[in-house]
Amino acid sequence: MEYMRNLLARTLGLGSDKPEKILDALTLEGVAKFMLSDKCKNVVCMVGAGISTSAGIPDFRSPGSGLYANLQKYDLPYPEAIFEINYFKSNPEPFFTLARELYPGQFKPTVCHYFLRLLKEKGRLLRCYTQNIDTLERVAGLQQDDLVEAHGTFFTSHCVGMFCRKEYPLSWMKDKIFTDLIPKCEKCSSVVKPDIVLFGESLPARFFSCLKSDFQQIDLLIIMGTSLQVQPFASLVGKVPTNVPRLLINKEKTGESGSFMALLGFGCGMDFDSEKAYRDVAWLGNCDDGCMALADLLGWKKELEDLVKKEHAAIDAKSAEEAARGVSGAQSASQAKEEKAPSAGTKGEKKQD
């Protein structure tokens, strides 16, 4: 009973005790100063589709340009159906058609992704919780242990057959998707689905196991490029202890539902503007610009710019090398085919005396 009383008082802001001041100012400068102090050792990041839009990958909900606004060609009963497990099982073709357009390996990580990499290299990143399935966090240099891919990943795939569940690698799935085939299991002939979480499926067990320990150690939460509308991912914001600052880098403010609704699990209870605001900071604008501005305040700007330039150059060089190999391989195959086939001039030719 005492626990429930304390929980209600803390969540609803009841009682006479004022929250302890955490940041010198509720600004990006205040967050940067906190990050440079001894108080900030473990940073948890929550990221969504907004950190990948500058790479050319559309987000889901932006009017006009968002993914859900441009799915008419798939003749869906409603936009979200393309990411529902029951619809996928009955009609997987729209999903795989879309997957060809969004498939990992066609895009470069953004400034945001490399800011996450820099946090890791500085020894500050405790974990990155991502809603994204584009694998750009991995491309940018984060390892599996650095990540909780809350909505799954294209990195592996499994047969949907209940008694099969055979696993397939990224290369196998890529080959099937780009040859316009619906991937079928080699063992039981059921459809093979990338290990992304569709609506109607449970989140990976790693999501729940990591949050138990991570949110006990957390010193700062950075939220980037997400509308905080999809549960249970959005609920992570409310699991942060009351003495931990929360920074939102986004095009618009989000997660501002009332504290009572947050207690019930609907929303995040973030407070940027009221008289009681004491730890939540919103930086509004393009996520890449927000990360660069924060890096500048931390003294990391040139390091971040150099990292982006170096890594993008390496990706371009690798793509050029693979393209050259592909052209060379195609030419070799074509030449071998021509040499194997009988020439038109000798076919049916009679022996001359």
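Every residue, even glycine, has its Cβ placed from backbone N, Cα and C.
TrEMBL has this to say about the protein:
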type	residues	note
DOMAIN	21-301	domain 'Deacetylase sirtuin-type'
BINDING	49-53, 59-61, 131-134, 226-227, 250-252, Cys287	NAD(+) binding site
ACT_SITE	His151	active site, proton acceptor
BINDING	Cys159, Cys164, Cys185, Cys188	Zn(2+) binding site
REGION	319-353	region 'Disordered'
COMPBIAS	336-353	compositional bias 'Basic and acidic residues'
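Packing around the residue listed as 'active site, proton acceptor' is summarised by its Cβ count: 21 other Cβ atoms lie within 10 angstroms of its Cβ, all protein chains included. Every protein chain considered, the tally of other Cβ atoms within 10 Å of the Cβ of Cys164 (Zn(2+) binding site) stands at 14.
Ranking the binding-site residues Asn132, Cys185, Lys251 by how many Cβ atoms sit within 10 Å of each one's Cβ puts Asn132 at the top. This prediction places the mean pLDDT of the domain 'Deacetylase sirtuin-type' (21-301) at 88. Cys185 (Zn(2+) binding site) sits 42 Å from Lys251 (NAD(+) binding site), taking the Cα positions as reference. Neighbour density for Thr226 (NAD(+) binding site): within 10 A of its CB lie 28 other CB atoms from the protein chains shown.
For Cys164 (Zn(2+) binding site), the nearest of the binding-site residues Asn132, Thr226, Lys251 in terms of C-alpha separation is Asn132. Cα of Ser52 (NAD(+) binding site) to Cα of His151 (active site, proton acceptor): a distance of 15 Å. Over all protein chains present, the Cβ of Ala49 (NAD(+) binding site) has 22 other Cβ atoms lying within 10 Å. The residues near the Zn(2+) site, meaning same-chain residues not in Cys159, Cys164, Cys185, Cys188 whose C-beta sits within 8 angstroms of the mean position of the site's C-beta atoms, are Val160, Gly161, Arg165, Lys166, Glu186, Lys187, Ser189, Ser190, Val192, in sequence order. A C-beta separation below 8 Å, combined with a sequence spacing of at least six in one chain, links Cys188 (Zn(2+) binding site) to Cys159, Gly161, Phe163, Cys164, Lys166.
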